[in-house]
Amino acid sequence: MNPYELTVGQAADLLAAKKLSSRELVQSCLDRIEQVEPQVKAFLNIQPDQALVQADAADVRLAEGGAGSLCGVPVSIKDLICTQGTATTCGSRMLENFVPPYDATVISSLKAEGAVLIGKVAMDEFAMGSTTENCAFQTPDNPWKSGYVCGGSSGGSAASVAALECPASLGSDTGGSIRQPASLCGVVGLKPTYGRVSRYGLVAFASSLDQIGPLTRDVHDCALMMNVISGYDRLDSTSVQRDVPDYTAALREGLAGMTIGLPREYFGSGLDPEVEQATMRGVDVLKAAGAKVVDVSLPHTDYCLAVYYLIAPAEASSNLARYDGVSYGLRDLEADSLLDMYKKTRSKGFADEVKRRILIGTYALSSGYYDAYYKKASQVRTLILEDFKQVFTQCDLLISPVVPTPAWKIGEKTDDPLALYLSDVLTTPANLAGIPGISVPGGLTASGLPVGIQLQGPHFAEDRLLYAAYNLEKGLALNTVWPKL
Amino acid sequence: MKITREELEHVAHLARLNLNEEELTRMTGQLDNILAYVAKLDELDTTGIAPTTHAFSLVNAFREDQVSPSLSQTEALVNGPKQNGEYFVVPRII
């Protein structure tokens, strides 16, 4: 086995046992990246020299003993998480030359545990998109099938992990941006509870919905990553002061006593039969592990997407007002007045989808329309939250598909923004309710494309989610097969 | 509710964006489709329902007002597209 094929857990064990050095592991991943990257195109910025320096430092720490849980393990980072001294572009011309003078809290946490930052990965511009086709620089290819989308907006994260370029990545999820690409690329992706992981240093898209989370090749690795990034941060006043359990401790086989809900609204029209079959295979696995499965209803599911596509653009229009050409990012230097500078800078720096969402958001918040759009959406959001509260009195977790279909061809849906928005129909509810959700690989379609299975749980039930996901993974026994590249 | 071209021009001004003729035409159509879709919320009676702005509500997160290390002036200015070592420089306002 080549070192680049190792999972985080396997690599960490070998590193701790001194059977592998971090330099060997990181060099192996760098070689793999060099080999497959011309096709995969996941990385916007690879840092070989810096990664090897970090690997050597990790090897020193490993030799001294008492090293952190991720010591020497390479991780890729979605390019909207600030990394001190390394460009953080958000996939946008607006921030093409932005080099943050500080690290995001999750980056500080990874560094403290000895993780090696191997590079920054592609994403839809400002995380707005479902295919990474809105990245201003490049669109990754789905590692399972060339010419197909890898999903988005954390498409580079999912593609880099599925292509065995690195064992783990950090992404962000505002309406499904971790779970959706994880599903389309056949990796594990977790969106934590709102407030579980610090957002300090995460470039904001929609502040009441954004969460950082891991993408990995198995559930155990996801738990290892969550152990490192979770917890209260005084620099993010929306992070929650609550103890972080050892998420790996929850991973044991057998689900006796657990009740899993099957929400009927998630199995509506437009659901691909192979996606539905994969989910039902997951249901059988959970039953075989001892769980009880019950039918449940979340009656306002059908309204989630409409609520999301008002609230997210409204918050984005406000958050993205900061890109005015004054203190960082692009500036149009020919403008002769301040207003002209704002307008020329923003019109040049943002591409279509970002402009579209800023316009929708500005419209929904503008005088005369606020009550009809933003306030109405926020009220329906209350009904959606109540649905989840109610349903979690009947069951411990929910099982459903993640995306209604497998990956589609690059370019297939670029002309119709609304058609693309509809692919987020099963992932936006968790963001609106602030609950955790995970995508677990559920096998391949007949044409060889991955399909994910989604589990959702109540606030701060990540341990329960990972426990059930672990059983799903064990029962399906798929995670030994990776795409040929 | 249909969005008119004039309304879109106004919204673009509020958002500090310039849209050319082609963009105005295309975006008016696209925004119309999106607004027609989100209008399905009107099916629901939300009278008396409190809006949710944060899914996991916290009370105010207060802390002691203590001075702690922060970015130096040089670091804070380093990404400025135009700066003089002390300030960000912008086109003349008055």
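Using the three backbone atoms N, Cα and C, a Cβ is placed for every residue, glycine included.
Please treat TrEMBL annotations as automatic predictions, because they have not gone through curation.
Since this is a predicted model, take the numbers as computed values, not measurements.
Residues annotated as active site, charge relay system in TrEMBL: A:Lys78, A:Ser153. As annotated by TrEMBL, active site, acyl-ester intermediate applies to A:Ser177. What TrEMBL records for A:24-466 is domain 'Amidase'.
Annotated features taken from TrEMBL, shown on the structure.
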{"residue": "A:Lys78", "record": "active site, charge relay system", "Cβ neighbours (10 Å)": "31"}
{"residue": "A:Ser153", "record": "active site, charge relay system", "Cβ neighbours (10 Å)": "34"}
{"residue": "A:Ser177", "record": "active site, acyl-ester intermediate", "Cβ neighbours (10 Å)": "37"}
To what whole number does the mean pLDDT across the domain 'Amidase' (A:24-466) round?
97
Could you tell me the C-alpha distance between A:Lys78 (active site, charge relay system) and A:Ser153 (active site, charge relay system) in angstrom, no decimals?
9
Rounded to the nearest angstrom, how far is the Cα of A:Ser153 (active site, charge relay system) from the Cα of A:Ser177 (active site, acyl-ester intermediate)?
5
DSSP-derived class (H/G/I helix, E/B strand, else coil) of the residue listed as 'active site, acyl-ester intermediate':
coil
